[in-house]
């Protein structure tokens with residue numbers, strides 16, 4: 001790592017800042033911050049991604065996965081569109097097939113794949129910017145910390161929906177493909193063979209559908225302004241890219257079939273929306289929500305949410321104004337820098353994706369629709385672009401010491417570092433709020449699992465359907481067909497492997513248990529022998545009189561039980577599994593003991609499992625019937 005940071009002639013406190021020791025400290029701080037952001041996103045996705053079928057997943061089961069299950073799926077089906085405003089999403093469909101084949105349609109796996117792609121996107125962006133700044137010898141001492149904003153903002157859990165709904169998380173795949181295309185475009189434009197951009201554009205057009213048009217236009221503008229390539233190469237690359245994109249559109253037109261569900265905006269509706277009274281407030285949503293979503297503002301400022309929203313929006317608007325002021329200054333001075341090009345490219349993509357929502361959704365649903373949590377991933381891409389602009393400006397100041405010595409240079413440097421810290425603090429605050437959500441999700445998912453079993457048994461019974469089960473709005477015959485598909489092929493919650501991974505069960509009978517004796521009886525269970533732990537006689541369980549009741553928080557039944565296992569040799573674990581509750585390790589014992597047991601207050605209906613601590617083999621199980629906690 002180059003730690004020189006152009007320090008040769010600095011004096012005083014600047015010389016101290018430019019020492020290799022201080023530079024290493026900033027580098028380590030930036031690395032730690034980025035690592036924390038990555039781990040935070042990954043663990044949150046692991047805890048909060050909904051594993052069940054939800055929303056659009058039912059549509060894909062109906063028109064896409066069903067063909068895979070009956071063997072009629074064709075390659076062209078990857079490019080089928082639902083309607084005029086929808087995207088084909090072939091890569092997302094391939095991921096769907098992957099976790100359907102190997103993980104029984106577990107959408108938590110899909111969410112984790114999406115999060116991994118988000119981490120990859122941020123890593124590609126950060127690496128490209130860092131490499132550019134090092135090559136240009138324009139790394140400021142604080143660059144690593146400011147560059148960490150790419151991970152802090154790009155992987156922000158400001159909007160929980162980005163990570164709870166796997167289909168939204170997979171938007172990171174589109175951003176990654178777009179970024180790789182842009183970097184390839186820069187490299188090919190500056191190479192002796194810019195015509196090679198044609199097949200790259202063709203591939204991009206096939207993979208990300210209409211979004212490829214946005215990416216192409218944004219890349220042409222950014223490269224045209226900030227690439228050091230010759231004008232001839234830029235024109236050749238632009239023509240090649242356009243040709244590849246047009247060919248991709250032609251191919252998609254020929255091989256894809258479009259659904260009948262249109263989303264045409266009524267004539268004049270967009271103009272009416274733009275001049276409506278709510279346009280000003282609604283237009284602030286992409287700016288404010290990109291940093292702090294309105295759901296958090298409602299909790300932070302319940303009495304003055306509107307004022308807080310405009311304050312946050314005004315702050316972010318100022319950052320955007322600074323961004324374009326810096327870009328205009330670079331154009332005027334003739335600066336050519338890849339980091340600058342990346343920043344402008346990402347900002348244009350963010351604007352275009354947001355404009356697509358305004359054009360396609362606002363005339364129908366109103367300006368408040370811009371607060372939909374899933375769109376925050378588009379908005380916060382603009383903040384990532386601003387973070388890259390900060391890195392570029394700091395590098396410019398580090399490279400031009402005369403400018404850095406001026407009062408305005410010092411003010412700008414201090415301002416960038418101060419705003420960086422402020423943005424990080426804001427993300428810590430919203431992350432703390434967002435982490436309150438996962439603990440409420442398991443009971444919600446468990447309830448949805450029970451409803452899915454009820455729909456399987458009686459498709460006409462749609463009472464108390466949670467909002468994620470869009471299938472409840474389908475015709476009865478279609479609903480019966482889809483629930484039958486899931487059960488027949490043991491997919492999603494009807495898969496035993498899925499149930500064990502996620503601790504979600506569609507019925508009490510599906511909870512792993514050998515028998516279900518009544519509460520209050522001593523019952524010896526069937527012995528499950530183990531070669532490594534011989535002598536396990538089974539588990540006995542006994543209710544403790546007077547200590548039965550219902551959980552005040554969840555309404556689930558509870559009973560205090562006394563249970564024990566027979567003589568064991570080796571290390572064993574006692575676990576509890578119950579619908580609506582997380583799997584719980586109750587006790588762990590090692591060595592030869594005549595009994596292994598404890599007194600515990602457990603959800604009635606829980607299954608108790610004795611496992612070999614080494615290989616997690618089940619040695620014995622027992623369960624007991626639930627209490628009646630109903631009215």
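For all residues, glycine too, the Cβ spot is worked out from N, Cα and C.
Distant neighbours of the transmembrane segment (25-44): 1, 3, 112, 115-116, 118-119, 122, 126, 141-148, 150-152, 155, 157, 163, 424, 431, 434-435, 438; these residues of the same chain sit at least 6 beyond its ends, with a Cβ under 8 Å from one of its Cβ atoms. Residues annotated as transmembrane segment in TrEMBL: 25-44 (among others).
TrEMBL lists 111-132 (among others) with the feature transmembrane segment. Taking Cβ pairs closer than 8 Å, the transmembrane segment (111-132) reaches residues 34, 38, 41-42, 45-46, 49-50, 95, 98-99, 139, 143, 147, 150-151, 154-155, 163-166, 168-173, 175-176, 179-180, 183, 337-339, 342, 346, 384, 388, 391 in its own chain, all 6 or more past its ends.
As annotated by TrEMBL, transmembrane segment applies to 138-155 (among others).
What TrEMBL lists as transmembrane segment is 162-184 (among others).
The feature transmembrane segment is assigned by TrEMBL to 196-223 (among others). Sequence-distant contacts of the transmembrane segment (196-223) (same chain, six or more residues past either end, CB-CB distance under 8 Å): 79, 81, 87-91, 174, 177-178, 181-182, 184-186, 188-189, 229, 234, 237-238, 240-245, 247-249, 251-252, 341-342, 344-345, 348-349, 352-353, 356.
What TrEMBL lists as transmembrane segment is 235-255 (among others).
Within the chain carrying the transmembrane segment (308-331), a Cβ under 8 angstroms from the stretch's Cβ atoms is held by residues 225-226, 281, 284-285, 287-288, 290-292, 294, 297, 300-301, 337, 340, 343-344, 347, 382-383, 385-386, 389, 392-393, 419, all 6 or more beyond its ends. Summarising the annotation, TrEMBL assigns transmembrane segment to 308-331 (among others).
Annotation comment: TrEMBL describes 338-357 (among others) as transmembrane segment.
Residues annotated as transmembrane segment in TrEMBL: 377-396 (among others). Distant neighbours of the transmembrane segment (377-396): 122, 125, 129, 133, 136, 138-140, 142-143, 146-147, 149-150, 153-154, 156, 158-159, 162, 168, 171-172, 175, 286-287, 289-291, 316, 319-320, 322-323, 326-327, 330, 335, 337, 339-340, 342-347, 349-351, 353-354, 357, 403, 412-413, 416, 419-420, 423; these residues of the same chain sit at least 6 beyond its ends, with a Cβ under 8 Å from one of its Cβ atoms.
With a cut-off of 8 Å between Cβ atoms, the residues of this chain six or more beyond the transmembrane segment (408-430) that come close are 33, 140, 142, 145-146, 149, 152-153, 156-158, 291-293, 296, 300, 319, 383, 387, 390, 393-394, 397. The transmembrane segment annotation in TrEMBL covers 408-430 (among others).
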Same-chain residue ranges lying at least 6 outside the transmembrane segment (235-255) that approach it to Cβ under 8 Å: 76, 79, 88, 185, 188-189, 194-206, 209, 212-213, 216, 219-220, 223-224, 229
